[in-house]
Amino acid sequence: MTQSLTIRRPDDWHLHLRDGAMMRAVLPETARHFARAIIMPNLVPPVVTAQDALAYRDRIEAALPDGADFTPLMTLYLTEQTDPDDVEAAFADGLIHAVKLYPAGATTNSQSGVATLKNVYPVLERMAQIGLPLCIHGEVTDPQVDIFDREQAFIDTVLIPLRADLPDLKVTLEHITTSHGIDYVVGADGDIAGTITTHHLMINRNHMLVGGIRPHYYCLPIVKRASHQHALRRAATSGHPRFFLGTDSAPHLDGAKETACGCAGVFSATNTMSCLAHVFDEDGALVNLEAFTSLNGPARYGLAPNAATMTLEKRDHPTNYPAKFDTDDGPLTLFDPSTPLYWHVKD
């Protein structure tokens, strides 16, 4: 017998759409299931001003399929030259919903990010005053710190001092990958929340490294050991209001992934909801799927939940997803969850 679950239509609180041909290929995959998404600003060149954000939003809206019901929620890329007045005006106009902090060199297209945090304190102080959230890629870039330890080091040496200096700043610690990150978000005082990705719930570093290197599982923050994956699953499926979905769906062409020095990023927009239903079902927590995908995020960003609904069905045969998508510039590989998915989104 078919099992079904109806939830409010979900949102994605961390999404990379890229631009140009890639955006035209991947945007329909997000718009099919998600009503809204926080759009990452790490283009080349990055989205650093209100004018940049407006132009990017216009390009996204122009690329939407006919009849699509999708709202891009724009962000600005924080640099050491960011103007607090420009940020405040963009927020007041409803153009942006967050500012993104990339430590310089931490991930894809982060070269323009922040090298010295104190240099952006005037912007962060203004954000604290007006209630504008700061989304953080929480990893240090010190080459002496092991890549598997960079999230914990960031929390201990950067985030905790930052929040002590600016206790009123709204912070979203994005794509949490460790039990340390989960424990910090649960236990910290003040206005803190965290996003968790689809792929970090589904895989751990064994999936990436055992039996051969699988470049399409390479992402930043890098997948960790299974014990951290289990901590992420407990947090996501708990219904805790500080955790919500941010897929960090980050497409790269196969040629940029399947190479001697491949790019970091996982494209998961198409099958995310099937993956999440699988995780929550497996962990006996389907009752909390709606909170994670559809309720906690809007509450965090001061928005109402979507009025529309989505129905997921569990069938007795796996759902087949395309392994690859074609773009004008070459093929793109969809995230492989490494297990059959019996849940699907009902049309």
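Using N, Cα and C of the backbone, Cβ positions are placed for all residues, glycine too.
Site annotation (Swiss-Prot): substrate is bound by His16, Leu17, Arg18, Asn42, Leu220, His252, Ala264, and the candidate from His137, His344 recorded at this site is His137. Within Lys100, Lys170, Lys346, the residue that Swiss-Prot lists together with His14, His16, Asp248 for binding Zn(2+) 1 is Lys100. Closest to His175 (Zn(2+) 2 binding site) in space, going by CA atoms and restricting to the binding-site residues Leu17, Arg18, Leu220, Ala264, is Leu220. Using a 10 Å Cα-Cα cut-off around His16 (Zn(2+) 1 binding site), the binding-site residues Asn42, His137, Leu220 reduce to Asn42.
Distance between Cα atoms for His137 (substrate binding site) and Lys100 (Zn(2+) 1 binding site): 8 Å, as a whole number.
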